[in-house]
Amino acid sequence: MKEAHQNIKIKHPLTLMATRTRKQAWRRNKNKMALLLSMITMIFGLFWLIWILFSTVVKGMDGMSFALFTEMTPPPNTEGGGLANAIMGSILLILGATLVGTPLGVMSGIYLAEYGRKSRLAEMIRFINDILLSAPSIVIGLFVYTFVVTRMEHFSGWAGLIALALLQIPIVIRTTENMLTLVPDSLREAAYAVGAPQWRMIFSITLKASIPGILTGILLAIARISGETAPLLFTSLSNQFWSTDLSQPIANLPVTIFKFAMSPFSQWQQLAWAGVLLITFCVLFLNILARIIFSKKKKA
């Protein structure tokens with residue numbers, strides 16, 4: 001026992017304090033290094049974002065004019081012209097895709113959250129929806145080209161509308177299901193307790209409580225499809241003239257910007273920058289509006 005007690009070394013309190021101080025200093029240094037690395041990474045990302053936005057605003061403002069919204073896309077190597085036909089085509093495609101995609105997405109989300117829940121069909125729908133959410137837009141464009149454009153034997157606005165709707169539907173489905181799932185089950189049980197049928201409970205309670213969140217998802221889905229170029233290259237293509245006929249190729253901003261930006265003509269390039277600025281402002285506005293609506297829902 002005496003030998004065991006002799007082998008035990010008792011550290012001096014000052015030594016313990018010095019060791020503790022060194023460990024605390026090392027932790028503080030590690031924290032500072034991690035914070036510095038995070039700040040550098042954030043600044044690196046913000047630098048490119050600010051640079052892109054600054055370049056877009058500076059170069060896009062040079063092409064902004066009243067003629068941009070009133071004149072057609074000009075022929076190559078000519079002065080003047082605008083993007084009126086492309087703006088109208090984009091509005092028609094986005095509006096049509098929203099009118100098709102929103103009801104389908106909302107109804108599918110209602111089924112997953114209220115009727116299907118953990119059924120096999122619901123799990124299969126969620127699996128397919130996850131695939132569509134992560135699928136590149138060019139794949140959707142090729143799919144619509146194969147099954148719609150080749151059958152019609154020509155490009156058309158309807159094909160572009162279908163492609164954009166397929167990109168929008170998964171976002172609306174996911175948002176609708178998530179918002180309905182957040183509604184407490186106690187509200188559903190209270191509705192059933194007073195004898196309300198399920199469809200009445202959905203429309204009067206759960207759907208009504210989820211409207212701000214669902215509307216936020218719809219706005220984000222519109223923002224997503226507003227700048228899509230790849231699917232429209234394979235479906236609606238473009239048109240140099242004013243056209244609202246969806247059965248024919250129709251002008252749109254993304255494809256027009258792509259074509260003008262790749263051209264050697266300075267006037268076309270200037271119009272391309274103006275088109276990029278328009279899309280940027282629209283997407284920014286939709287994102288801000290979605291955040292405002294969602295923040296009001298959280299406060300309520």
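Any Cβ shown, glycine's included, is placed from N, Cα and C.
Annotation source TrEMBL lists transmembrane segment at 33-54 (among others).
Annotation comment: TrEMBL describes 82-106 (among others) as transmembrane segment.
For 127-149 (among others), the entry in TrEMBL reads transmembrane segment.
The transmembrane segment annotation in TrEMBL covers 155-173 (among others). Counting residues 6+ beyond its ends, the transmembrane segment (155-173) has Cβ neighbours under 8 Å at 89, 92-94, 96-98, 100-102, 104-106, 108-109, 112, 125, 129-130, 132-133, 137, 140-141, 143-145, 148-149, 214, 217-218, 220-222, 224-225, 228, 231-232, 234-237, 245-250, 252 in the same chain.
Sequence-distant contacts of the transmembrane segment (209-227), counting only residues of its own chain at least 6 positions beyond either end whose CB sits under 8 Å from a CB of the stretch, comprise 90, 94, 97-98, 101-102, 105-106, 109, 164, 167-168, 171-172, 174-176, 178-180, 182-183, 187, 254, 279, 282-283, 286-287, 289-291, 293-294, 296-297, 300. Annotated transmembrane segment per TrEMBL: 209-227 (among others), in sequence order.
The annotation transmembrane segment is assigned in TrEMBL to 271-294 (among others).
Long-range Cβ contacts of the transmembrane segment (271-294) within its own chain (Cβ-Cβ under 8 Å, at least 6 residues beyond either end) map to 53, 56-57, 59-64, 68, 73-74, 81-83, 86-87, 212-213, 215-216, 219-220, 222-223, 226-227, 253-254, 256-257, 260-261.
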